[in-house]
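Quick look at what Swiss-Prot annotates:
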- Tyr525: phosphotyrosine (MOD_RES)
- 305-325: region 'Disordered' (REGION)
- 97-119: repeat 'LRR 2' (REPEAT)
- 120-141: repeat 'LRR 3' (REPEAT)
- 166-188: repeat 'LRR 5' (REPEAT)
- 190-212: repeat 'LRR 6' (REPEAT)
- 224-248: repeat 'LRR 7' (REPEAT)
- 264-287: repeat 'LRR 8' (REPEAT)
- 706-727: repeat 'LRR 12' (REPEAT)
- 806-833: repeat 'LRR 16' (REPEAT)
- 1013-1037: repeat 'LRR 23' (REPEAT)
- 1082-1105: repeat 'LRR 24' (REPEAT)
- 1106-1128: repeat 'LRR 25' (REPEAT)
- 1129-1151: repeat 'LRR 26' (REPEAT)
Amino acid sequence: MIESENLNRGEIIKELCLCNGLTYEIVGQEGSDTSKLEMFFSGYPRIVGLSLFHNLSSLTIVAQDIREISGLETCLQLKELWIAECCIEKIEGLQGCRNLEKLYLYYNKISKIENLEKLIKLEVLWLNHNMIKNIEGLQTLKNLKDLNLAGNLVSSIGRCLDPNEQLEKLNLSGNQITSFKDLTNLTKLTRLKDLCLNDPQYKSNPVCQLCNYSTHVLYHLPSLQRLDTFDVSAKQIKELADSTAMKKIMYYNMRIKTVQRHLNEELEKLNDRKCKLQKLPEERIKLFNFAKKTLERELAELKISSKGQSDTTPEAEKPRNSEVVTQESVLQQKILTKLSALDDRVTFWNKKLHEIEAIYRTEVKQKKKTHGLLTPFLLTELETVGNIHFEEGTQADDWFNSCCELILSRFCTWDFRAYGITGVKVKRVIKVNNRILRLKFEEKFQKCLDLEDTQDPDYRKMLECLFYVFDPEVTVKKKHLLQILERGFKDSDTSKPSLKKEAVTLVNSLSMCECPRIEFLQQKYKEEKKGPSESELYRHGTILIAKVFLGQSIQARDQEPINKANYPMVNSVFVPQRHVLRQRTCDCGYRQYKWFVFDHDLVLPEYIVEFEYTTVVKVHSLFSTSNNVILEEGKKYSEGLVFSQDLKFDDEVLKMEPRIKPRPKLISLDEKTIISLAKTNIYSHIVNLNLHGNSLSKLRDLAKLTGLRKLNISFNEFTCLDDVYHLYNLEYLDASHNHVITLEGFRGLMKLKHLDLSWNQLKKTGEEINVLCKHTTSLLTLDIQHNPWQKPATLRLSVIGRLKTLTHLDGLVISEEETRAALKFISGTKITQLTLLQHSSSKEERPRMLSTWPSAKILTQISKLGPHFHLTGNWYSKITALNLDGQHLFEITNLEKLENLKWASFSNNNLSKMEGLESCVNLEELTLDGNCISKIEGITRLTKLSRLSMNNNLLTGLEKHTFDNLLHLHSLSLENNRITSLSALQKTFTLIELYISNNYIAVNQEIYNLKGLCNLVILDMYGNIIIWNQENYRFFVIFHLPELKALDGVSIETSETETAKDLFGGRLTSDMIAERQGHSNFIQMQELNWTSSAIRTVDLIPVDHFRNVSNVNLQNNNLTSFSGLIYLPNVKVLCLNYNHIESIMPRLKPQTHLSSRQLLYQKVPSSGYGQQGTSKLNRDSVGSENLPPIMQSLEVLHLGYNGICNLVQLQLNRLRNLKFLFLQGNEISQVEGLDNLIVLQELVVDHNRIRAFNDTAFSKPSSLLMLHLEENRLRELSKLQSLVKLEKLFLGYNKIQDITELEKLDVIPSLRELTVYGNPICRKMVHRHVLIFRLPNLQMLDGIPINSDDRAKAEFHFSELQAKKSSIIQNNLPTSKSSLPSHLQTPLPCKFVPVTNSTDGGSFCHVKASPIKITNVLLPAGFSRFLGPDFTLTPEVEGIFTKSFRENEKTNKQQQ
C-alpha cells in the first residue's frame, strides 16, 4: 500500500515537472531555483512534492480533483496561492505560509472561513463561488486589501469587516444581503474604493433590487471610485447622492417633528382637561384653608386673651370670671373640632387631586405609548430610504375597513367575559410595506405553487390573515416589533420554548392572542399591589396581522414536539382551540386555531392594529374610565362623579360653630394699623403678626418690628417678598395663597425655620432654590406645593439636595434614602472631568448615517471616551462631541478647554442661560431643547454653527443681531417658545430649515422678514397666532415665500402655488408697505408710491392708520378698479396711469340678457353695435348720479393709458370734489358722465377717439378752466357753449378742416389760450387771423403769444379785403336786382368757383347757374355786415384773402 502511494506520488511529481518544464530526474537540483509552479485541469489529484521547491513563491492549481489543502508546510516563502475550481471543503494547512500575500480559493466547496489567523501579510483573498454563509475569521488580516466573497450564501455583513481597515476592493455579489442597514457597516472601511454587490457575472443581491440602492451606497461610502463595475468617481455623482440623502433627512426630520407636535397637542389637551377637573378641588381646598387660617388666628387670639386675663385678674374677681373662662374653653374646643373637620375635608379634596393626577399620568403614558411607534417607523423609513414604508389608514381606505372587520370578526365576547370586556374598538391601523420581505414572500410562494398541484381549488385558500402571538411575559416592545417589521420573523422571536424558535406562532382568534397577556398583567399588578388605574393598561393592545401561506398543513399530534423534524413533509401545523382551552361556553371555539409555520419567509407582516377594549365600569370614582379619557368639563362633578353628599358635607362643615364674622380687609399697612393688630405700643414687643385674609401687596413700616418671630401674610395680594428682608429674627413665615412670582429680594432671614410658599406663582426652579439656599440657612420646614414650577419632576430632589437643613418638604418627612438620592442627583448637576469623559467622543467626522438624531448623540453612542482617556496628554482638545442630555444641569461650565468641540447637546436640563460656550469656536451643531432659557446669547463667536435647536424653552424674542455672524447656519429650530417676532432672521441667508411652531407670531409682517431667505425650503409655523389671524394663511405664506417646498409638515403642491398666486398675486397690503418701510407706523405716512409691481388689488387695513396719506402713485400696475383706495379718507392726488381701470368700484359681470352686439359695444364702443341700447342700459344700470359720493378729498386724478372706453361705467360722477382729471391715452369716444364734477377745473382727454361732443357732454354750466383734446378725431366743435369759464383749450392734432368749426369757439368768451396746430385747417394760414378777430380775449395761439401788432395786422388785413370782396360780389351780381334796404342790399345766394391755388389769387370763373346757399361763415366783423349772416366763402376764395394779406405784409416790411 505504501509502495503504491509512493508510486502515485512519483507519477504526480513527474506530471508536475512535465507541466512546468522541469526534469524529474534532477528536480532536486532544479527545485531550489524554481519560484513558480502551475497545474491546470488534471494530473494533480493531491498536493505533493512541494518539499522539493524550498523557494517557491507562487503556486497555481486550477480544476484539479483536490479535496484538501495539505503539503504546504515547507513552502515558507510562498506569497501567492491559487487552488481554484477544485473540491476543497475546508480551509486548512496554511498555518506555515506566513508570507502569503495572495490567496485564491474560488470555485470550491468551502462553507466556513477559518484557519487564516496567522496569515497577517495576506492582501488578496478570493473565496468566491463557495458555500460560505458567514463572514468570519478575518480579524487578524489587518493588511487585507482585496476580498472576493461573490457567489456565496452570505446574508449579513455585520461588524466582521471592521478590523480590515486597509480593505480597498470588496466583491459580495451573488449573496443574500437584503438590508440597507447592513451595508452601513462598510462605512468603517475608509479606504474602500471598489465595491461590487451586483457584478454582472453573478446574481445580484436582493438589496440591489431596492429603490435608491446606488444613492444609499454612494452617500455612506463617499470614497468609492467604482460601484458594481461602474465608474462613480465623478464629483457630480457624489454631490447628487449627498443632495438626495440630505433632502431625505430634512424631509423625515420634518415628519418626525410633526409627529412630536401632534403628541404635544394631545398632551396639552389632556393637561387642559386635568386643569378643568382640578379647578373644583382647588377651589374647595382654598376655601377650607382660608377658613382654617381664620380659625387658627381666632384661636391664637383667644389663647392670648385668656392668658392675659388670668395674669391680670385679682384673686377676689377670679371666681366671677370662672364662667367666662369656661365659655372660652368651650369656644376653643369648638374651634378645634371645626379645625379637625376642615382638615378632613382638605384631605378629602387633596385625595381627589391626587386621583386626577394619577389618571392624568396614566393617560399621558398611554398617549406616549400610542405615538411611541410613529417616530421609530419614520426613522426606519429613512434608514431604508423608503423601501420600508408605513402608512396610517383612514376610513377612506378599503384596507383600513377590512382590518377593522377582521378584528371584529375574530372577537368573541364570551372569551373576554371574565375580564369585564364587552367589546373592542380599533383606534389605528398602520400598513407595513416592506419591499424586500414581500419579494421574498412572493418568490417562496411562487415556488410552492410550482411544486404543488395548482389545479386544486382549495390550495389558494391556504393564504390566510393571522395574528402573531407575542410572548405574554414580554410586552410588545418597540425594538422587537421593529425587528419583525424590518427583517421578518426569522431570528426575531425571543420566546423561550424551542418550538417557537423554529416555527412562527400565529392564531386566528383575538382571545387566543390577548388572554395570556391580560392574565399576566393582572397577576403582575396584583403582586406589585398596583392601584386600579395601573391595571387599566391592558385595555389598550397592539396586534400584528400577517399574511400567511399555510401550504400543506396537518393537525398537531398529542405529546409530540412541534418541529420540522417531526413534521418533515408539511409547511405548517395547527392546534384547535379545544385542545388548548377545553372549557368553552360557545361554539366559536371550534373555529379557533393556533398555527405553527416552519418557513419564516412565508409569513409576511402587513398590518399593525392598535385597539381598545370597552369594559363594564365596576369601580365608581372621581373619573369615569369607561371612555378611557379624562372628562372635559368640571361641571361633570355635579352630575354624580362627585357625589352630592360630599358637597353638602362641605357646606355643613363650613356652617359648624363657631362661625367667625369676616373682618374688614386691609389695603395698606401703617404704624397705626400694626399697633392695633398687635395690641401693644412697643414695637420690640411684637413677636407675632397675623395679616391673613387681607388685600395687602406691600409690607411697609415693618422695619421697626425687630423682634418679630412669626408672620402670617397668607391670602393677600403679594407678588414679591422684598419687604421682609430686614426681619432678622423671623422664624415662621406663611406666605401661602398669594401671587408671588419671584423670591428676588428675599434675603437675610438666617433664623427662618418654617416657610410656606404654597399656592403662589413661582416658576424658576434654579433661581428660587439659590435664593433660599443663600438666605435661609436654618430652614427646617418648606412648603412649595401648587406652584407652576418649570421642572416639577426633579423639583423635590433639587430642593432636598440644595437645602441640607430641611426635615420636611411639602408636608412630608424627608427620609435618609431621599437625602442620599438628592445628594447623588446634585452631584450630577455639574460638569466635571468625569462627566466629560463619560459623555463625549473624539471622532473627527460625523458618521454618514441616515438619521435625524443630533450628531452628539450619534457619536457618543458609537464611540465614547474611556475612563482612562484623561491619562493621555491634552485630552480636552481631542473632544469633538459632547452629549449631556438629561443630566439636570443648572449651568454650563468647564468647557473652556474644549477648543475643538464640534457637536454638543444639552437637552432636558435646567439651564436658564446660554453661557460657557464662548470658547467653543468650532461648534457646528448645538442642541438645547427642553431647558428654561429665555434669551439667545453668547453665540456671536460661534461662526461655524450650522444647526441650532432650542425647542421647549422660554424664549420671548430674538435679539436683532443675534444671527448676523452665523454665516453657515442651515437649520434653526425654536419650537414651543414665546417668540413674537422674526425680524432677527432677516440676514440668515443660508437658512434651509426653520422650525418655529407653537410660538406667539401673530402678524403678517413676520412672514416678510423671511422673504430674503432664498435658500429656505422647509418652514414650520404651526400653532402660531398668525394661522388664525390670517385668512388663507397657508396660501399667503406660499405666495410670499415661493422657494418653500414644505410648510407646517406638509409638502407644497404645484396646485397650491397656483392658487396662492391667484389669491395674493398683485395685492398691495399693509404688510407689504411695512416690509419696505421697515416698520408698521403708517400714521406718519403722507405719500404712497408703489409703481410697476403688478398690483391688482389694494387692501390697506386698518384704514385709519393711513389717514394722513394724501398722495398715491400706483402707476404701471394691473388695477381694474380703485379697490381699497376708496377707503383712504384724505387722498388728494391719485395717479393710476398705465393700469386697466374699468370702474371706480369693481365691475359687475356682464348680464346674460345682453345681446352679443351690445356686449361688443361695451368692449369696443367704436364698433357702433348696440350703441343706443347699451348706452341706455348703462345709464339705467349704473345711475352714478344717484350713487353716494366717495373719496371727497380727492382733487387730482390721473387715469391715463388705462384702455378706458366708457366714462359712464367709470362712475367719475361720484368724485364730487375732483379738480383735475387726466384721461389721456385711452379709447374714449364720448365725453360723458362728468356732469356732477362741478368743481372740475382741468380735463385732459388727449390721445383718445373723440369725434364730436353729444348733447350731454357739457350740458351743465361748468367751472372748467382748461380742456385738453389733442390727438383725437374731432371734426366739429359744437355744443361747447356751457364752458363759460374755459380759459385754455388744446385742440392740436385733430381733424378739423373747416374754418366754420373754429367760428363756434366764439361762444367761449373767456378763452385765453388755444392750440389748433396739427389740424388740416392749419395748412391755411388765414385761420390765425380769423381766430384773432373772432376771439378778442385770446392771448396765445398755438403756443405763440398774441400781441397788439398781431391784432392790428389782422384788422388791417380784413379791412383791406373789404373793398376787394365788395367789388367781386358786385361784379357777380345778376342784372335784375331785388329790392334791398337802403343801407344794404341783401346778397343773393352764390358760390365762388375755386382758384387753382389757395395762396394764388388767380382769375375767377363765372358763377354757376344754380348757386348753393352757404351759411355759418366766419369772417371779420367789418366784412360780414356787407354779406349778411348766411354768406359763406369757399376755401378757394379764402386763398384770395390769404394772398392779399401776404402781399400787404410784404409791402409793409419793405417800407419799414
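A Cβ is built for glycine as well, from the same backbone N, Cα and C atoms used for every other residue.
Within the same chain, residues 72, 75-91, 125-141, 148 sit at least 6 positions outside the repeat 'LRR 2' (97-119) and bring their C-beta atoms closer than 8 Å to a C-beta of that stretch. Using the rule of three or more Cβ pairs under 8 Å, pairs at least 6 apart in sequence, the repeat 'LRR 7' (224-248) is not in contact with the repeat 'LRR 8' (264-287).
According to its DSSP assignment, the residue listed as 'phosphotyrosine' is helical. Tyr525 (phosphotyrosine): 17 other CB atoms within 10 A of its CB, across all protein chains.
Cβ atoms under 8 Å from those of the repeat 'LRR 5' (166-188) belong to residues 128, 142-159, 194-199, 201-207, 210, 213, 216-217, 220-221, 228, 383-385, 387, 436, 440, 486-487, 847-849 of the same chain, restricted to positions at least 6 beyond its ends. Helix, strand and coil counts from DSSP across the repeat 'LRR 12' (706-727) read 3 helix, 3 strand, 16 coil. For the repeat 'LRR 16' (806-833), the model's average pLDDT works out to 90. In the repeat 'LRR 25' (1106-1128), helix, strand and coil residues by DSSP number 6 helix, 3 strand, 14 coil. Here the repeat 'LRR 6' (190-212) has, by DSSP, the following mix of helix, strand and coil residues: 4 helix, 3 strand, 16 coil.
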